[in-house]
Amino acid sequence: MNPSEMQRKAPPRRRRHRNRAPLTHKMNKMVTSEEQMKLPSTKKAEPPTWAQLKKLTQLATKYLENTKVTQTPESMLLAALMIVSMVVSLPMPAGAAAANYTYWAYVPFPPLIRAVTWMDNPIEVYVNDSVWVPGPTDDHCPAKPEEEGMMINISIGYRYPPICLGRAPGCLMPAVQNWLVEVPTVSPISRFTYHMVSGMSLRPRVNYLQDFSYQRSFKFRPKGKPCPKEIPKESKNTEVLVWEECVANSAVILQNNEFGTIIDWAPRGQFYHNCSGQTQSCPSAQVSPAVDSDLTESLDKHKHKKLQSFYPWEWGEKGISTPRPKIISPVSGPEHPELWRLTVASHHIRIWSGNQTLETRDRKPFYTVDLNSSVTVPLQSCIKPPYMLVVGNIVIKPDSQTITCENCRLLTCIDSTFNWQHRILLVRAREGVWIPVSMDRPWETSPSIHTLTEVLKGVLNRSKRFIFTLIAVIMGLIAVTATAAVAGVALHSSVQSVNFVNDWQKNSTRLWNSQSSIDQKLANQINDLRQTVIWMGDRLMSLEHRFQLQCDWNTSDFSITPQIYNESEHHWDMVRRHLQGREDNLTLDISKLKEQIFEASKAHLNLVPGTEAIAGVADGLANLNPVTWVKTIGSTTIINLILILVCLFCLLLVCRCTQQLRRDSDHRERAMMTMAVLSKRKGGNVGKSKRDQIVTVSV
């Protein structure tokens, strides 16, 4: 191998670090303490408020008074820092940063709505004119005109068929209906004088119950006065229409499809041919159609009606009664007479007057009904909170039991400007919902128990050190607990999820309360009192729920119950369906959940508030006793003897040290006395005094 090859295979030389100063400098800066990491539960603190600083100053002053320390600016600052340090230095258990406590919460009157169904009780609908339309009256609606017509998108569920009006599947169709009264006349050519009212009503599909016999249909017949067999006679005041509820001989079907079967037992008056006693063929069918192609045109354009026939005209299904629809399938619900007051106000009503005359044509009697109209009456119907009207392109899906509507409007009143190209859905505010709420601490029934528990954790975790700290600062456990309680409440930061629910529910509470305020000018009216009673009934139901529940101390507008949320038992899809208002087999079983929550609340009610916390404090104070520490160590006789010998040895050692210190003190005292005597002599005796001092000290 030649030298050149040996040189190529030689290992490379190591580079020398000429300047090691930077490394040394970095080594000097290295520390072994743990780096302060930002935990997930760490929150950005807000600047202290004036009230917090004032309270902190009061606590510091009280602490200095208890410890009998002079109040100076320095001592006040140190006391305040100690109080803050005491509050923020409470130990956090392992894994508490990632802990997540989820409980069931009851939120009353959330910002949610649900559809009014055929199984709900009738609602109050107010009209502005009780002369032509029966029912409660209120001519001061709407209460907030500036809020009428607000846009909204809805997607809600339902259990029973919802109440909907309009030309759409699942909604009751509108139609024109007539109500007629007659006044007998003595004229030889005029049989009767008629007064008739035409207005928007509910459209019948068939005249009689479909798929039901007469006998079977009678079981759905409501209790009430049967309609008269004669046409009601006009009262003396021709400007007043007397309404009298009655039950017709047969019912009409308003709806019979997959959404349910809805019937009405109110009379549906129309003109018929009276064929009794006629020998020739007599068409007994009704003449005036029950349904017009254009509803508004039939009420606006046609101001004259003339019916002619060789057979006498008779008004069928007599009676002046309003429609009262009710559902009979798949469930049976109550009557809803209030729906007609909404439809009749969607267009003005028309007032007719006329008569039936008798003539002779071709030697046969000829009957003519002549009706004319020149008077219309505009109407307005309104509902009051918690009820509202959703107007727009409403779509009801029976398969999924959902109702959707995009770009709809929220209204409380309907008048003659309404367009029947839209649909009307009755909705109301939700009385309350059950939702899971997460917190970063366990459920507590009162703030005192929460604070005592946290302080006691810190005391017991550092009991042996904390006892000497208490002795050093001359501060008792009661003072520490009181200080931590007040300062902890002042510096407390709520959980974000609870804050979200709180703000969510607080805004809706303000909204419903503002809408439900009763006008002082109408406070004496009986209708407002009735609506207030309905509203107060919902409030009482909510209060009844809250009185039965044991709630967490840190919430006021809604109730966090002690029932832990079990995701495996109630998955979030069930909660979502509950929020949407759907009640099917997959929806949250509210009745079962209420039973579980009430049982959990009763279990917490059996405990006297504060008893458990006070018992914990007593146990904590017992653990602070040093004698208990010795007892735990000295559990055998041999160890006890050893401890006694150690104590005697320590006592003997203390006695010997005390005697030695006493001798040294006596020697120093004698020396000082000798020095004092010598200092009084003159200079000639100084040497002697020094020798005497030396002799005295050496003795």
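Using N, Cα and C of the backbone, Cβ positions are placed for all residues, glycine too.
Annotation source Swiss-Prot lists compositional bias 'Basic residues' at 10-20.
Feature annotation from Swiss-Prot assigns N-linked glycosylation site to N100 (among others); the stated evidence is sequence analysis.
As annotated by Swiss-Prot, N-linked glycosylation site applies to N128 (among others), with the evidence given as sequence analysis. Annotation for N128 (N-linked glycosylation site): same-chain Cβ neighbours under 8 Å, separated by at least 6 residues, are T137, D138, D139, C141, L379, Q380, S381, C382.
Classification of N153 (N-linked glycosylation site) by DSSP places it within a strand. Residues within less than 8 Å, Cβ to Cβ, of N153 (N-linked glycosylation site) and separated from it by at least 6 positions along the same chain comprise C405, E406, N407, C408. Taken from Swiss-Prot, the feature N-linked glycosylation site covers N153 (among others).
Every protein chain considered, the tally of other Cβ atoms within 10 Å of the Cβ of N274 (N-linked glycosylation site) stands at 17. Secondary structure at N274 (N-linked glycosylation site), as computed by DSSP, is coil. What Swiss-Prot records for N274 (among others) is N-linked glycosylation site.
Per Swiss-Prot, N-linked glycosylation site is recorded for N355 (among others). Taking all protein chains in view, 18 other C-beta atoms sit within 10 angstroms of the C-beta of N355 (N-linked glycosylation site).
Secondary structure at N372 (N-linked glycosylation site), taken from DSSP and collapsed to helix, strand or coil, is strand. Residues annotated as N-linked glycosylation site in Swiss-Prot, with sequence analysis given as evidence: N372 (among others).
Positions annotated as N-linked glycosylation site by Swiss-Prot: N461 (among others).
If you look up Swiss-Prot, you'll see N507 (among others) marked as N-linked glycosylation site, on the strength of sequence analysis.
According to Swiss-Prot, the feature N-linked glycosylation site maps to N554 (among others).
Residues or ranges marked as N-linked glycosylation site in Swiss-Prot: N566 (among others).
The annotation N-linked glycosylation site is assigned in Swiss-Prot to N585 (among others).
As annotated by Swiss-Prot, region 'Fusion peptide' applies to 466-486.
The feature topological domain 'Cytoplasmic' is assigned by Swiss-Prot to 654-699.
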Item to check | Pairwise CA distance, N274 (N-linked glycosylation site) versus N372 (N-linked glycosylation site), rounded so that it is a whole Å | outcome: 23
Checklist entry - What count of other C-beta atoms do you get within 10 angstroms of the C-beta of N372 (N-linked glycosylation site), across all chains shown? => result 11
